[in-house]
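Note sheet for the following structure.
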Amino acid sequence: MVRRIAVQAGDITLQYFDESGMDRSRYEIKSDGSPLTLADTEAEHFIVQELSRLLPDVPVIGEESMARGEAVSISGYDYFWLVDPLDGTIQFKNGDPEYTVNIALVHQGVPVLGVVYAPALGELYAGCGTGTALRWLQKTDKERSIKTRKPPHAGLTVVSSKSHGDEARLDQFLSSHKVARRMTVGSSLKICWVAAGKADLYPRFGQTSEWDTAAADAVLRAAGGVVEDMDGRPLVYGSDGRAFRNPEFIARARDLALA
């Protein structure tokens with residue numbers, strides 16, 4: 001059901017996606033400097049509506065509603081949804097297909113279900129609990145189980161952001177590790193690539209919000225990995241006083257030991 005909601009929300013975004021890029025008149029800039037399009041707002045409206053029908057008593061936290069000041073209280077709730085209707089808006093407005101729809105169900109701070117859908121790529125990742133993760137390709141309508149890989153002897157494959165982050169700190173961090181390859185990709189696909197064994201490590205130095213990571217975090221946990229802060233603690237979602245902001249973090253396979 002959540003997969004269907006993500007795919008249908010993705011179809012909404014595709015109505016606005018243009019590989020040649022988006023004219024400046026078709027988006028606005030939010031107070032945090034990030035772009036906002038009709039695709040964001042319409043997709044979020046659809047997702048919130050459908051999730052509220054699915055589980056009427058579970059609150060939904062959406063990026064765009066939060067940006068408008070429409071805060072939803074999660075106090076007293078064991079479960080809540082975290083939604084980013086269009087993660088990677090910079091990629092989206094530039095005509096880059098590496099953007100995603102993110103939907104996560106959080107239980108007592110832990111993302112227990114997550115769906116990440118890349119509409120323009122026709123690629124979906126899903127994870128539930130601690131042992132079921134999959135990747136689905138629209139063009140073949142086939143899905144397969146995914147899991148993190150053991151670190152190769154030749155060195156690590158590291159994935160990082162296309163448009164955000166602190167390159168100097170990233171270089172310094174990686175200098176103490178054997179790195180064979182570095183890649184960049186937009187949106188929460190970075191964490192999904194670690195989950196699928198396409199990459200080994202994703203260090204993030206810089207600001208992110210919980211709706212950016214929760215869905216992919218659920219996928220990675222189910223695939224045998226972890227997203228943890230710089231002290232080695234798994235990320236906790238919905239903590240009081242953080243305004244749904246993440247600390248700096250590292251996404252990795254559990255088999256990868258970091259000094």
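Every residue gets a Cβ built from N, Cα and C, even glycine.
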Listed co-binder of substrate (same site as Leu86, Asp87, Gly88, Thr89, Asp212, source TrEMBL) among Glu50, Glu63, Glu123: Glu63
Neighbour-count leader, CB within 10 A, binding-site residues: Glu63, Asp84: Asp84
Neighbour-count leader, CB within 10 A, binding-site residues: Asp87, Asp212: Asp87
For the Mg(2+) 1 site built from Glu63, Asp84, Leu86, Asp87, Asp212, further residues of that chain with CB within 8 A of the site's CB center: Val83, Pro85, Gly88, Thr89, Thr100, Asn102, Ser187, Ser188, Ser209, Trp211
